[in-house]
Every structure is written in structure tokens, then in C-alpha cells.
Amino acid sequence: MTHYDVVVLGAGPGGYVAAIRAAQLGLSTAVVEPKYWGGICLNVGCIPSKVLLHNAELAHIFTKEAKTFGISGDASFDYGIAYDRSRKVSEGRVAGVHFLMKKNKITEIHGYGRFTDANTLSVELSEGVPETPLKVTFNNVIIATGSKTRLVPGTLLSTNVITYEEQILTRELPDSIVIVGAGAIGIEFGYVLKNYGVDVTIVEFLPRAMPNEDAEVSKEIEKQFKKMGIKILTGTKVESISDNGSHVLVAVSKDGQFQELKADKVLQAIGFAPNVDGYGLDKVGVALTADKAVDIDDYMQTNVSHIYAIGDVTGKLQLAHVAEAQGVVAAEAIAGAETLALSDYRMMPRATFCQPNVASFGLTEQQARDGGYDVVVAKFPFTANAKAHGMGDPSGFVKLVADAKYGELLGGHMIGHNVSELLPELTLAQKWDLTATELVRNVHTHPTLSEALQECFHGLIGHMINF
């Protein structure tokens, strides 16, 4: 069969989830994917990086905090074994995607698909299968082609100038590295590499690390990374990158002052651009935004009624869980099933998984004030949380921003041990318009890190208990 109710172009977190939901709703479904089943996330992104981050955390504990926990003796850390574990976990999750495709009777088409008309894809099949392109027709299609790494203007990749993909797929570590970009990817790789003995310098063009986070969170992560020995150069522009084969020279400037950084490797991590080229979108009239992303409405529908788009290619919030949520909505919209529109991507959760974690949703304090809200803020430090002390890591805080008039949450900003696990309570509260007065009555288990949320709920209405 080469005609389907729904064809999904791309098998990343959004694509495969959309396919499963479509199949659950009784639609004949196929997925077209040339390389990474499970997407960047499962193969060379979210999943293997979290394995490496956990290994790095253990290395940090044994090298920097062993005495605190009564641990003594020599320990060695083999990055090659950590790498092997990351690949094993990744491969297991990818196998899980194939299992789910089979379980839900979804057809896998291994190849590169492009539109030839509004209801047809021509698929160049992968090696080991017939070379003649496969013609696949459909009633509806979901574009889930993801994104590609943006590079510093005027620079190129080379043997020693790499992206996250090359770094996460190597067992060998450099002695030194310059990471361009202090967003989530730059921060996470900086944490991993430093804890395995690499000399790390992070260069950020904007005035602070993690510039999309609340200013107080940025200040705290800079402090914690400085304690680890990671150098962060903020407000610094990369002028050029030169790879001579044995090392890389990075020319940077700040306030009219120039310097040259020398390292074994340079990792470019300044962000991602939607993958819109080479798929024939122009042939079917799919509209793009000014930022060259596929333009969608709140139900993931493009300007062509039977063509939908999800994930990074839409240029919304480029995170795996956002793509998954979009995929569910797209499939339900196609099937005519009950669904819920997605509109305000500012309120989606986001996290960076170094230790301490950085986790947030919604408006920063400054954004809320700039937006004209009458703002109330509560901030609770983990130095006042018993569980954090028991874990040996009381760094960081929870900061909540609320509308003073109605008491509803506008944003949450956290830095601390595993605070990414605290986000769902906050985003659920925001989505269903719960107020601080209501939230404070939700009893939190003692002792847990989540008690910091309860303290902030108390703080928003003027009576924090334990601080």
C-alpha cells in the first residue's frame, strides 16, 4: 500500500508521536524517515546527552565532593565507557520507536521524501533497498523535518570545528574546547566536558549566560560554572574561527578589545534553523514565516488545508516535548477528534540538565513588568530546604512570578538539583488558571525539593513559612 490517510515526513519526537496518535484514531498511517528514527533527540541529542550528563555528575561528586559523603580512595573515569553507555541507551530507545510503529500498524518508509505535488511524496529509498523512488500518496501530511545547526556567520565546519552531533558521537575528548553559545546545548556540553577534565571556555554574544532565562538564574549558573573552573565570556563576539588542522584559533572581541583563544576543538552551539529546504515545499505552496519556518495555526495546520507541520520546522519553541504536543494536536485535528489548541509557547516548560538544573516556563520577572503586569514575586532558596541539604547540594532557588491582581502564575524560574522534575506542577497550575491562594492548599510531601514550590506559593500571598 502506498496511499495513506496520513503520511508523516520525519520520525523525530513529534513525527513518531503524531503517527501513533493518528493510528490510534483509526487512520492508515506511514512515516518517512531517511536516517534517525526517534529524531535527533533519541539518537544524538536529548537522550544520549542525559546519559553523559549523569556520568559527569557522578564524576563531579567523586572528584569534588567525595569527602562530604565519607568517600575516600582513588577513582578513575573512563569517558569511552560513558560514551558506550550513551549509545546503548540511545539504541534501546530507538528500538522502542520501531516497536511502537509495529504495535500501532504504522508503515515505516526508510528514505528521503519530497513533495512532487500537494498529495504526493517521492521517496528516495535508503541504501540496501531499490533505487527507484517510491511514490507515496496521502489525504493528509504532517511535516516534521526538524532543524539544522546554525553557524556563526562567516564560519564553516571542519575537522576541529564541530556541532553537537560530532561531539556526541566521539569516544575521544580534546584537552581543550571553546564552545560558542551559552544556551542549553553549550551549557550542557560544557558541564560534561569539564567534569571529564577538558579545559572549557564558553563564549556568549549576549550580556549573560543562558540569556533566555531570568536574569537571576543566569547570574547563579555563571557563579556555579565559575566554581567548577569553566570560563564564560559574555558580551563577546566571535570574529573568526580558524582551524589549522592541529588546533583552532578563535578571534573574539568585547567592548572594542580583541583577543585570540586557542583550543583543540570548537563546538558551535548558537541555535537551530528550521529544515525547510529540499522538501519541495515551494511546489505545494506552503507558506513560510519571516524567519523561514513553516507557518502554522493553533492546530498545526498550514495555509494548505491538508498539510500540517510540527516541531522545530515550525520555529516555535524548538524542544522535543513541544514537538510531541504539537504532534498529538495535529493528528487529532486531522481525525476530527476532540483536541486542544496550542497557542502560547511561552508557557511551555524548558530545562537544561547540567547540575544544578535550570528549569523554567512563562515570563521572566522583567518580561512580566515590561508586559504591563502588576507583578508579585516570591523566591525561596534551597539553602532553606532540608532535602537539598540531605542531598548535599543546597545551591539555587525557586522564583515564581505572578499577577498581583488575580494571583495566577505568569512564570517560574528555578535553578537547583534536579529542579526540572518540579516543572509539571507549575505548568499545570498555569494552564488551568489556579491561583496562589489555591495552590498553597496543595500539601507537599516532606522532605522533598517540591516544598520549595509550596513555600513560594505562600510567599506570593505574603506569608512564606520557612524563610
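Heads up, the Cβ atoms here are built off N, Cα and C, so glycines get one too.
The record from Swiss-Prot ties GLY181, ALA182, GLY183, ALA184, ILE185, ALA269, ILE270, GLY271, PHE272 to NAD(+), and of the options GLU165, GLU166, GLU204 it ties GLU204 to that site too. There are 28 other CB atoms within 10 A of the CB of GLY39 (FAD binding site), with all protein chains counted. In the structure shown, across all protein chains, GLY113 is the one of the binding-site residues GLY113, GLY181, GLY183, GLY271 with the greatest number of other Cβ atoms within 10 Å. The local packing around GLU33 (FAD binding site), expressed as other Cβ atoms within 10 Å of its Cβ over all shown chains, amounts to 26. In terms of Cα distance, the recorded positions that sit within 10 Å of ALA320 (FAD binding site) are CYS46, chosen from CYS46, ALA269, HIS446. If you take the Cα of ILE185 (NAD(+) binding site) and the Cα of CYS46 (disulfide bond), they are about 10 angstrom apart, rounded to a whole number.
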